[in-house]
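Over in Swiss-Prot, the protein carries these features:
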DOMAIN    9-229  domain 'Peptidase S1'
DISULFID  CYS15-CYS145  disulfide bond
DISULFID  CYS33-CYS49  disulfide bond
ACT_SITE  HIS48  active site, charge relay system
ACT_SITE  ASP92  active site, charge relay system
DISULFID  CYS117-CYS218  disulfide bond
DISULFID  CYS124-CYS191  disulfide bond
DISULFID  CYS156-CYS170  disulfide bond
SITE      ASP179  site 'Required for specificity'
DISULFID  CYS181-CYS205  disulfide bond
ACT_SITE  SER185  active site, charge relay system
Amino acid sequence: FPTDDDDKIVGGYTCAANSIPYQVSLNSGSHFCGGSLINSQWVVSAAHCYKSRIQVRLGEHNIDVLEGNEQFINAAKIITHPNFNGNTLDNDIMLIKLSSPATLNSRVATVSLPRSCAAAGTECLISGWGNTKSSGSSYPSLLQCLKAPVLSDSSCKSSYPGQITGNMICVGFLEGGKDSCQGDSGGPVVCNGQLQGIVSWGYGCAQKNKPGVYTKVCNYVNWIQQTIAAN
């Protein structure tokens, strides 16, 4: 069964401070998921991250210390995909409307939606404050980054027989060792400047032949645009 890939990067590196200006932290008393700023008033995350009350934290690097660039904005609307399946994690995407627009600057900025889907082999940047250990747990204060390629559909499906839908992509390394993990859920996979994935699920973290599975954002551009227009 899928286990929520919900909190941290294994085998990555500490991102340069504020170098991922579209990365947000979803907070409900503490960090619980990531997200991506797609316009000044909307964030995209994973539907399995849903909570009824969410504070969006932007401009973060060290989530445990006030460093001066943060913006904390409560969610006004939280909209999960109407066809989200909590068992299979199909359609694992959610939109959050901020109660007021974020102030955009060098440390808080939007990421583009995909203009087309990403080909296998495309290198992407995954980021988050999730667990940094594949066994045991260690949650970082500083945002972690990982460069990883989009895997072919065939290797993705052979890693997870019967569990990969057309709305999922695998990104990572079949040899293991580098992956997103618990606490990274909802966060971005950005390839060539476009948001191509949302951290969704996986079997453990950084295990051999069990790469991370991500929501295939290119399938949802119309839904995102229509939902924003209607809300």
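Glycine residues also receive a Cβ, built from the backbone N, Cα and C atoms like all the rest.
A simple Cβ count within 10 Å picks out one of the disulfide-bonded residues CYS15, CYS145, CYS191, CYS218 as the most packed, and that one is CYS191.
Under DSSP, CYS33 (disulfide bond) is assigned to a strand (E or B) in the three-state scheme.
Secondary structure at CYS156 (disulfide bond), as computed by DSSP, is helix. Taking a C-beta cut-off of under 8 Å and a sequence gap of six or more, ASP92 (active site, charge relay system) has these contacts in its own chain: ALA46, ALA47, HIS48, HIS81, PHE84, ASN167, ILE198, SER200, TRP201, THR215.
Note: the CA-CA distance between CYS218 (disulfide bond) and CYS191 (disulfide bond) rounds to 12 Å. CYS49 (disulfide bond) falls within a helix when secondary structure is assigned with DSSP. Around the Cβ of CYS181 (disulfide bond), 30 further Cβ atoms fall within 10 Å across all displayed protein chains. Each of the disulfide-bonded residues CYS117, CYS156 was scored by the number of other CB atoms within 10 A of its CB, and the lowest score belongs to CYS117.
Fewest other C-beta atoms within 10 angstroms, among the disulfide-bonded residues CYS33, CYS124, are seen around CYS124.
Here CYS117 (disulfide bond) is positioned 10 angstrom away from CYS191 (disulfide bond), judged by their C-alpha atoms. In the three-state DSSP scheme, CYS218 (disulfide bond) falls into the helix class. Between the CA atoms of CYS124 (disulfide bond) and CYS49 (disulfide bond) there is a gap of 22 Å, rounded to the nearest whole number.
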